[in-house]
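Down below is the structure, laid out as structure tokens.
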């Protein structure tokens, strides 16, 4: 089940409300990524506290471990990971693409060796739909081939040609039809999204988009971006494609990106975003703040008593209030620098909490700006603040 209400617009930017089987999602929204059924380093209750409304699961990796049988035993991913709100699962197409020469693509699907134990596996649109039905995710993604920006090995390959992108895009369209047919055969009560492909070629993007609209999916994603292309190429496709999708359906930009990418994506008509950047960067000492990015490993933070971001209300920056009124948490840059230098587990946990809170709070501010009819003013101030530097 999916219902999308478009509440207000400003230019291409949209404020909406997405109703799914496990709850309501206010858009635009950022979706934290839980590859193996967990958002790394963060408890589910903390995700809810910081405003996460929907999270991602990774079909490919959950198929590898723990497998369909365990997922079926638990009745799906929600009970398995103790998350009661909506979940989106990707189809496995991107992960198969990332295997490189370890996989062989045909009309039927993709053959590859399991990266876990070397078993020979065959992933098809039908199998992807079957796995995602067992996972019982609120939003299911069609099985697609992620069109790469670069063909072949680094330094000896070539940028994907229009002919190569067309072959890949047309295969994804045939797989979209097969995904939809299998999804219907299984009686899956959730929502299936189609994925626009076409590489860096706008004409192919439009061809893919129009064909998917003919198939009439409940929602649509723009895939094949942030796959190694230069930033200006990604921005060109981001400016071209999302606003051409049906206005009455949710629009999802896959795997993007930086805080600036999210705000610019909203301006291009995107409703939904996901990216591993908040947690991956956190584990490497890279923190996002209102006034730019902060590298906590730098020696200049060794004795700095300030929080990461004095405007942030997350547990790492401000702490939380206990029932007896005492405040717990709220840590200095010096302490977080110390944890990072010593390799202490608490360091990346607090950094992940901060980065996710920053992303989720940014999208809350975007929604409030759209509600107030001042999104472009917010966007300008956001960029000025980020450029100021910490």
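Yeah, the Cβs are placed from backbone N, Cα and C, and that goes for glycine too.
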### Task
Please state which member of 243, 286, 338, 354 Swiss-Prot lists alongside 312, 314, 317 for binding Zn(2+).
354
### Query
Do you know which of 118, 224, 228 Swiss-Prot groups with 90, 91, 92, 93, 94, 144, 197 in the substrate site?
224
### Annotated range (Swiss-Prot: region 'RNA binding') out of 269-273, 274-278, 279-283
279-283
### Message
For the feature region 'RNA binding' as recorded in Swiss-Prot, pick the matching range from 234-240, 248-254, 255-261.
### Response
255-261
### Query
Could you give the number of helix, strand and coil residues in the region 'RNA binding' (279-283) as assigned by DSSP?
5 helix, 0 strand, 0 coil
#### Entry: Positions on the same chain near the region 'RNA binding' (255-261), where near means CB under 8 A and six or more residues out
94, 223, 225-227, 234, 238, 273-275, 277, 288, 358-359, 362, 382-383, 386
#### Entry: substrate site span - longest C-alpha distance across 90, 91, 92, 93, 94, 144, 197, 224, in Å
15
### Query
Between 92, 93, 224, which of the binding-site residues has the fewest other CB atoms within 10 angstroms in the structure shown?
92
### Message
Measuring Cα to Cα, how many Å separate residue 144 (substrate binding site) from residue 90 (active site, proton acceptor)?
### Response
10
### Task
Please spell out the DSSP helix, strand and coil residue counts for the region 'RNA binding' (255-261).
3 helix, 1 strand, 3 coil
